[in-house]
Amino acid sequence: MSGMQAVWPSGTECIAKYNFHGTAEQDLPFSKGDVLTIVAVTKDPNWYKAKNKVGREGIIPANYVQKREGVKAGIKLSLMPWFHGKITREQAERLLYPPETGLFLVRESTNYPGDYTLCVSCEGKVEHYRIIYSSSKLSIDEEVYFENLMQLVEHYTTDADGLCSRLIKPKVMEGTVAAQDEFSRSGWALNMKDLKLLQIIGKGEFGDVMLGDYRGNKVAVKCIKNDATAQAFLAEASVMTQLRHSNLVQLLGVIVEEKSGLYIVTEYMAKGSLVDYLRSRGRSVLGGDCLLKFSLDVCEAMEYLEANNFVHRDLAARNVLVSEDNIAKVSDFGLTKEASSTQDTGKLPVKWTAPEALREKKFSTKSDVWSFGILLWEIYSFGRVPYPRIPLKDVVPRVEKGYKMDPPDGCPAIVYEVMKKCWTLDPGHRPSFHQLREQLVHIKEKELYL
């Protein structure tokens with residue numbers, strides 16, 4: 001370890017760069033790709049005391065491991081850093097200057113909307129190859145077909161196959177970073193060879209969620225094949241690298257495969273979504289202590305996001321998962337942004353979203369608090385859809401006039417009071433998650449939920 005490197009504090013996560021078999025009894029052997037947690041620095045700064053995922057402790061060499069970091073906020077990650085979007089033929093030629101054989105980029109076709117153009121510099125000229133999109137496949141010569149642009153570029157990188165040159169050097173779009181490089185740099189890139197995909201456990205618009213095995217551990221894997229969708233999910237994965245809490249679904253790593261897309265690997269939550277868990281068990285199985293525990297689990301996760309200046313924007317029982325040991329964890333960080341961000345998030349779940357967020361796109365921790373109140377109602381109604389018997393188009397006008405849902409059957413009055421505080425129309429008068437957690441802890445300690 002160089003003298004310049006700062007000492008890693010206890011709790012720092014590292015990922016192994018090489019295998020280490022250990023030479024002394026006190027050493028902790030590990031394999032490349034293992035995640036280790038620093039316990040303490042030793043007298044020799046080149047060695048740390050660390051523990052592995054099963055809790056075994058020992059001494060490790062600092063130069064064999066890499067500190068895991070959050071992917072930097074504000075970086076534009078790209079699976080396709082060579083993709084420049086809507087630029088003209090002339091702009092592409094300027095970008096590929098000075099000429100360098102094999103320098104290339106891909107742009108949207110100006111003459112054929114929906115198609116793409118591969119632009120390749122070759123012996124002082126730029127050749128433009130139309131990429132035809134037909135029957136959900138891409139092709140240049142209508143002989144070889146590809147699922148997506150990444151596959152196509154990968155193919156012509158290994159073999160010119162009729163082009164003027166094979167693709168040698170991507171012209172990276174200014175301001176973007178290749179996703180694979182950034183996940184590797186920050187210690188989150190996993191190896192596809194270590195992952196076995198076992199069975200589909202969920203389907204989404206983006207692709208499949210699969211049960212997987214990563215080095216002997218059960219994991220959940222989001223498999224995203226489509227270029228544009230994968231690009232959107234990169235943002236979710238990069239947010240997850242910055243978050244660590246026992247009530248947030250934990251990212252284990254990311255695999256970027258040119259041939260087959262993006263894989264986001266997270267801890268496996270055996271009991272599925274909280275909304276399904278509540279509906280399938282109901283009042284006869286789940287007592288008041290259990291409902292309050294789930295409420296507190298979610299509140300603690302949200303207090304952590306609040307303290308770290310993140311806004312979830314899509315908090316609902318469908319986006320909370322339940323582990324084998326009945327711990328509720330918040331997931332689905334697809335819309336999560338740093339608090340300062342005001343980006344439009346497209347379609348919003350009307351019944352869960354605060355009025356000011358729907359009306360003015362004003363998202364804040366306080367709009368998450370509104371959603372938490374709706375989630376509490378879901379928990380205490382055992383998974384009912386909020387605002388029963390009110391047509392969707394009438395929900396917002398009624399809420400803005402001050403309408404609040406009645407308490408679910410059997411809901412303790414003190415818990416209903418918490419819900420109503422979350423549904424205060426003025427965001428400034430809603431409680432913080434810190435205050436909400438204190439109120440829920442008080443209810444638990446005094447057994448007021450009975």
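Including glycine, each Cβ sits where the backbone N, Cα and C put it.
Swiss-Prot annotations:
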ACT_SITE  Asp314  active site, proton acceptor
BINDING   Ile201, Gly202, Lys203, Gly204, Glu205, Phe206, Gly207, Asp208, Val209, Lys222  ATP binding site
DOMAIN    9-70  domain 'SH3'
DOMAIN    82-171  domain 'SH2'
DOMAIN    195-450  domain 'Protein kinase'
MOD_RES   Ser364  phosphoserine
MOD_RES   Tyr416  phosphotyrosine
REGION    9-70  region 'Interaction with PTPN8'
Which secondary structure state does DSSP assign to Tyr416 (phosphotyrosine), in the simple three-class scheme?
helix
Ile201 (ATP binding site) -> DSSP, reduced to three states, gives strand
How many Å lie between the Cα of Val209 (ATP binding site) and the Cα of Asp314 (active site, proton acceptor)?
19
Measuring Cα to Cα, how many Å separate Asp314 (active site, proton acceptor) from the residue listed as 'phosphoserine'?
12
Proximal but sequence-remote residues of the same chain as Lys203 (ATP binding site) (Cβ under 8 Å, at least 6 apart)
Val209
Whole-number answer please: how many Å between the C-alpha atoms of Ser364 (phosphoserine) and Tyr416 (phosphotyrosine)?
23
As a whole number of Å, the Cα atom of Tyr416 (phosphotyrosine) is distant from the Cα atom of Ile201 (ATP binding site) by 34
Per-residue pLDDT averaged over the domain 'SH2' (82-171), given as an integer:
93
What does DSSP give as the helix, strand and coil breakdown of the domain 'SH3' (9-70)?
3 helix, 27 strand, 32 coil
Which residue counts does DSSP give the domain 'SH2' (82-171) for helix, strand and coil?
17 helix, 30 strand, 43 coil
In the three-state scheme derived from DSSP, which category covers Asp314 (active site, proton acceptor)?
coil
